[in-house]
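Database features (TrEMBL):
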- 25-48: transmembrane segment (TRANSMEM)
- 60-82: transmembrane segment (TRANSMEM)
- 103-125: transmembrane segment (TRANSMEM)
- 153-172: transmembrane segment (TRANSMEM)
- 184-212: transmembrane segment (TRANSMEM)
- 227-249: transmembrane segment (TRANSMEM)
Amino acid sequence: MYQESFQAAANAAIKKVKLLKNNPVGYLLLALLAGMYIGFGILLAFTIGAQLGKNPAANLIKGLVFGVALSLVIIPGAELFTGNNFVMGAGLLEKKIKLGQALLLWLVCWIGNLLGAGLLAWMYVKSGLDLPAIAGAFTKAAAAKMAAPAGQLFLRGILCNILVCLAVWSGFQSKNDAAKLIMVFWCLLAFFSTGFEHSVANMTTLVVALMAPAGRGVSLGGLGYNLLWVTLGNMVGGICFVALPYWLAARDKQ
């Protein structure tokens, strides 16, 4: 039932490894773009959130508009670390790629995502659009993310990437772009409005907060702390809770 789609995901892992090997600069640029695309969703969500203030529907609306982030990654195309947790996991489980290849790709992709998020954050702050209310929202959110216990960040990271990777997996299951986008918006609404933790989305949030007038609890060390635990959680969520179950379901025992 799932064999064809899972094989497509595993074959996508092979293509990604080949792209990184044959055109490392091109791959890094695609990862940089993904960091920016996710960042655009964050900037939009925080801008609208600041305008809504204490409106009870603020989180719901922010979750709805954040769907633009993964839509930009999937339709135009870019290399997102969290989505690649599922794809490379599929390739590993099908023995289409080696562990070293997956680890290298994850590392390069993560670094590229961080560079893209950092570049976008710098451009945004320097543009003067980070008005006091918006900058305050970023600082408040960043301080909370940096102060959260490691275990909570890890679990939130798992929960987040289950939803993100389900959106990516849905792309392999569906050949219709409209259906893909619908699943993207549903899955991202669920993770963003619930308060789960996405490592690449956090890159933009935390860097903007660091560049804005820093509030108490916002630091470079806090950024590293948050990204460490959320990244690990994202990996577990994408590999163990999406790739592994669907690999087991797709196995042909005959």
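Keep in mind that glycine also has a Cβ here, set from the backbone N, Cα and C atoms.
In terms of C-beta pairs under 8 Å, the stretch of 25-48, 60-82, 103-125, 184-212, 227-249 lying closest in packing to the transmembrane segment (153-172) is 227-249.
Among the listed stretches 25-48, 60-82, 184-212, 227-249, the one sharing the most Cβ pairs under 8 Å with the transmembrane segment (103-125) is 25-48.
Here the transmembrane segment (184-212) has long-range neighbours at 34-35, 38-39, 41-43, 45-46, 59-60, 62-64, 66-67, 69-71, 74, 80-82, 110, 113-114, 117-118, 120-122, 124-125, 130, 135, 138-139, 141-143, 145-146, 153, 156-157, 159-161, 163-164, 166-167, 170, 218-220, 222-223, 226-227, 230-231, 233-234, meaning same-chain residues at least 6 beyond its ends whose C-beta is under 8 angstroms from one of its own.
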